[in-house]
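So the structure is just underneath, and the comments pick up after that.
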Amino acid sequence: MRTPIANYIKHHTLILDGGQGTDLEERGVDIGNPLWSTLPFLTRDEVQLQCIREMYRSFKKAGANALMTVTYQASYQSLLKYSNGKVANEQDYKDFLNYIISFTEKECISSNDYLIGSVGPYAGFLGNGVEYSGDYGPEEIDFLEYYRPQVSHFATTDRIDVIGVETIPNVDEFRSLLTPEFAALCGTKPYYISITTDNEGNLRDGTSVRDLCRYIRQSITALPSSLLFLGVNCVDFTHCTSIVTNLNNNLSGSPLKFRAAYPNSGEIYDGTTYSWSPNPNSASGSTWENLTSSLLEERCVMIGGCCRSSSRDIALVSRVVQKQPGA
């Protein structure tokens, strides 16, 4: 029986999985689709579903005990647009999410593993790589309505331990998540919000660290304790610790801080070609072991990897975490 996640992180560090899409691509799954690695759950392609089973097995063997559902690209709006009619209404959508969760629970993870309901940003629906710019254009977006079908369903699904809203690049989107209205969508389910930033910790749309942290402070009194922590993800691996440190220094004395980190490899993503290339601005000499140690010093309670990180990297994270007293 799993300890409730809010209690677990009081004494232990969760080891998150890594780049699911990267792993699946290496196994031969084509992720060059607007639905990315969610697609096999639509096609029910047994070969590709086996790749998903093996992906989870690989991360678990590496030491991960917090594993994400393959639903980052699976918003209701995305399925309506890209499922070729297989998801045509909210009941279809709930059935689809239930299939993913059931498959993951029964065939991929154990009862001791924590399952994170992965919720990607509005950028995922746009599908043009704006996770790295936060540029959603001039139109007004109803973020709460965009998130509602996926988040509210995860909130009422027992096997989901925590909802992870991740890779948020846009300040209006982020501020909509720091509201009682969004918290109400989550119900009593624990959740966290993870942003993606530049190498200094500024939000991808250019919002400064100072302004970002001011918005957080302004929102704290209206937020429930079920918002467990904030996080950063899909940031440059070589700058990850300094990003977390900078953000938390600007939240000195705040009860809500950045306690989760899962960086990417530091490479640059091209949203038009769905490809990665070396980043000449990445620092050199960093290792996953050093990164993990420094993040533990920042009191991070969940550490893992994002795009282009492998089970080999997660094994290095696990090795350091397991050396902690009481691990």
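Each Cβ is built from the backbone N, Cα and C atoms, and glycine gets one as well.
For the Zn(2+) site, TrEMBL records C306, C307, and the single candidate of C234, C240, C300 listed with them is C234.
Sequence-ordered, the extra residues of this chain that approach the Zn(2+) site, with Cβ no more than 8 Å from the Cβ center of C234, C306, C307, are G19, T167, T196, N233, V235, Y262, P263, N264, G305, R308, S309. Sequence-distant contacts of C306 (Zn(2+) binding site), defined as residues of its own chain at least six apart whose C-beta falls under 8 angstroms from its C-beta, comprise G18, G19, T167, N233, C234, Y262, P263, N264. DSSP assigns C306 (Zn(2+) binding site) to coil in the three-state reduction, placing it in neither a helix nor a strand.
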